[in-house]
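Asker: One structure follows; several queries about it will come next.
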Amino acid sequence: AGAHAAAVEPQAASRAYGVVTEFKEKPDMSKFPVEDIRNFSIIAHVDHGKSTLADRLLELTGTIDKTKNNKQVLDKLQVERERGITVKAQTASLFYNFEGKRYLLNLIDTPGHVDFSYEVSRSLSACQGVLLVVDANEGIQAQTVANFFLAFEAQLSVIPVINKIDLKNADPKRVEKQIEKVFDIPGDECIKISAKLGTNVESVLQAVIERIPPPKVYRKNPLRALVFDSTFDQYRGVIANIALFDGVVSKGDKIVSAHTKKTYEVNEVGILNPNEQSTHKLYAGQVGFLIAGMKDVTEAQIGDTLHLHNHPVEPLPGFKSAKPMVFAGVYPVDQSEYNTLKSAIGKLTLNDSSVTVHRDSSLALGAGWRLGFLGLLHMEVFNQRLEQEYNASVILTTPTVPYKAVLSSAKLIKARRAVQKNMIFIDQNRVMLKYLFPLNEIVVDFYDSLKSLSSGYASFDYEDAGYQAAELVKMDILLNGNFVEELVTIVHKEKAYSVGKNICERLKDSLPRQLFEIAIQAVIGSKVIARETVKAYRKNVLAKCYGGDITRKMKLLKRQTEGKKKLRKIGNIEVPKDAFIKVLKTQSNK
Ligand SMILES: Nc1nc2c(ncn2[C@@H]2O[C@H](COP(=O)(O)OP(=O)(O)OP(=O)(O)O)[C@@H](O)[C@H]2O)c(=O)[nH]1
C-alpha cells in the first residue's frame, strides 16, 4: 500500500483555474481493487451548493490546492461560469486515505437545472450512490424532489447533505424533518455542512466510503465499457467518458463500438483529475476518458457499449433518449456563413446530444435549421455557446412546441386548461402542487412569472405528460391580402387576439413606408382578428439631383436596386429582411 500511495501522490502545478495538481508518475490503476472504488454524483436543486461542495471535495483530496480561486472548478464552460449554473456534467477522480486504506472516489458532477435532467440520468448510470444536497435555509425544492426520484429509480444509495448551515436563517432541523417526510430517509442520516466554509465536509467523504457500495463489476470478464458522455476536442477528436463495467482497457487495444460496429485503436486512456491524466489502463469499476480516433459526430453515441475486437459482449442497456420540448429556428445572419455555422452546430451537438437538428429554410431568413431543445434555458445556453465558442452570429426564432393536429373543418376538440393533479404538504410553510399544463403555456415566461409572483420562493420542475387535445388555431399574417409564410403561428384560441395584435404592432414598427398604404392583418381562417396600417410615403431618390446630372442619377438608381436585393417581395410590398428578424427574434435574444 505504501508504494502505491507514493506513486499517486499529487504535485502542485499551475493551471487555468486555481492551482490544479499533477502526478509525479503515471498513476497505477491496477492498485485500486473494486472494493476500494466508489462512484458517486452530487445532485441538488439549483444554487443549493453542489459545485461549491465539489470544489471542497477536490481540495480535501488534494486534487486541487486550497486557494481562494477554486470557485467551481468543475464548471468548465464559459457560459457555466457566467451564468453560475452547471450545464455539462464533468467527472473527477479523487484519491482519499481513510482508516489506512487509499480509496478511489469518482465524482461525477451533474447539472442542477430543470432543463438538464437528461444529463443527470446519464451521469447517474455510472454511479452507485448520490449526495443529495439541500439548502439549510430553502429546504426541499422542486428539483430536489425530481433528482431524488431519478436516483431512487436507479436504485442508488442516497446520502442527504444539508448545506449552508452557516447562514443566519439556516434551519437544518426543519430540513431534516422534510427529508424524513418526503423521502422517507431517517433524519439522523443527514450530514450537516457548510460547503462554503468547509465545515464537516470530511464526514461527507467518509459517508461516501461507508454508505455507498463499490460497483458490481468483473475484471476477469472481457471488456464492457459504457460511454456516458463525450466531448469534442479540436485536435484530438472525440474524447469519450467511459465507465468500465467489466474487464480492462489499455492503450493500443483494438475496440469496437457495439452501436456502429466500427473498430478503433485506443490512442489514450486515463482518469479525469479533473484534467485528463493518462494512465494507459483502466479497470472494471473505474471511470475515465478514452481517445480512439473517433472523428465524426455520430461515432461516439452516448449510451454506446465498447468492447474488445473479437470479444463481443451483451451491450449495456442504453439511455432513454432525450426528448426535445422546445423548437426554434437557427439561421446564419449572413448566408455566406452557412457552412461555418453548420460545422459549429455539428460540434456542439456532439457535446450535447440532447439537441435535435433538422435542416430547414425560410424565405425571409434563408437556409438554416430547426433545433429541438429540452427547455428554454437549454436553448439560450446553446445559442450562447455558438456565439462564444464558435464565434457564430445567428438568428434564433421564437421558440415553439410540437403539436399533433387532427384536421377537421367542422368540429374542434375541447380545450383543456391546467388541471390540478395533487397537493402534498412538505411542512407548515411549503406545499408541493402537481398540475397538468399545456407545454406552450409554461415554456416561455411561466418560470419568471412564478418567481416574481411568489417573490422568488416557489420553484418549478416539469416532465412530459404526452399530447392532449386542445382548441388551437392556425393564425396567418397578411400584408395587403398576401400571406406571409414565415409568420404563420399556432396559438390557443383564447390567446389568438393578443398574440395577433402583438405581431401586427411589431410588424408595423419595422416595415418601412412605401409608395402605397399597407394593411397588416392577423387572420384565423377568413376572420380578421387584428389590423394595423402603414401609411403611404413617396421616397424619391432623385429628389436630391436638382441639376439633372445623368451619371449621378444612374448611380443613385443603381444603389436603390442593390438595396432591393435585401428585400423580399410579398405581393407588391417590399419587406426588408430586418423586419422579419425583428418579429421572429426571441425576447431573450434582443
Ligand atoms: N453561505 C453559504 N453559501 C454557500 C454555501 N455553499 C454554497 N454557497 C453559495 O451558494 C451559491 C450557489 O452555489 P453553487 O455551488 O454554485 O450551487 P450549485 O448547486 O452548484 O448550482 P448549479 O450548478 O447552478 O446547480 C453560491 O453563491 C455559493 O457561494 C454554504 O455552505 N454557505
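Placed from the backbone N, Cα and C atoms, the Cβ positions cover glycine too.
Pasting the relevant annotations from TrEMBL:
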- 35-216: domain 'Tr-type G' (DOMAIN)
- 44-51, 109-113, 163-166: GTP binding site (BINDING)
Asker: Indicate whether Lys50 (GTP binding site) is helix, strand or coil by DSSP.
Answerer: helix
Asker: To what whole number does the mean pLDDT across the domain 'Tr-type G' (35-216) round?
Answerer: 83
Asker: Go through Ala44, Ile165, our binding-site residues, and report the one whose Cβ sees the most other Cβ atoms within 10 Å.
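Answerer: Result of the Cβ crowding comparison: Ala44.
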Asker: Pick from Asp47, Lys50: which of these binding-site residues has the biggest number of other Cβ atoms within 10 Å of its Cβ?
Answerer: Lys50
Asker: According to DSSP, collapsed to three classes, what secondary structure does Ala44 (GTP binding site) have?
Answerer: strand
